[in-house]
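Student: One structure is given below, represented as structure tokens, and several questions about it will come after.
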């Protein structure tokens, strides 16, 4: 099953707030590409797992790499595999390279496998596919590429928070999640993660 081609998805790239992670003096697609490039050295150790999982789910490996880049900076932002500390819960909200949401008030998933394992990548990619399929059902008139972008946004904040294509990122982290991930995926696709 084809979920659309990441190279054909329209994107405005990272917001200024997101690009500030790396003290970049610019935003947009250029910033997303730069952040993907910065993470590429760390990403290389996961490449074979990414390719294998992508092939098994029909998801472009570049998209998996891009989510890893955005969510955990290829593992660089994790503490023993955990990320997104929640001071109210006194616990982390997310697990692994792709930051599976384990918060009972959020995604409520149970972490599967080691933080950088193939099992983790399979779980997270399965969650992504579920969200793409939900967006397909919710917006059957959208092109595959628009549904793919909507699914990326839903991976971040749930399909109930995607209301329109024009406002696809209005509820995402940084208000740029699907645009930034798409631009990073396009960079990874052009730099060895084409499957």
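Just so it is clear, glycine is given a Cβ too, placed from its N, Cα and C backbone atoms.
Quick caveat, the model's predicted, so the values are computed rather than measured.
I grabbed these lines from Swiss-Prot:
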ACT_SITE  71  active site
ACT_SITE  84  active site
Student: I need the CA-to-CA distance for residue 71 (active site) versus residue 84 (active site), whole Å please.
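Tutor: About 9 Å separates the two Cα atoms.
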Student: Rank the active-site residues 71, 84 by the number of other Cβ atoms within 10 Å of each Cβ and report the first-ranked residue.
Tutor: 71
Student: Using DSSP and three states only, what is residue 71 (active site)?
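Tutor: Looking at the DSSP assignment, residue 71 (active site) belongs to a helix.
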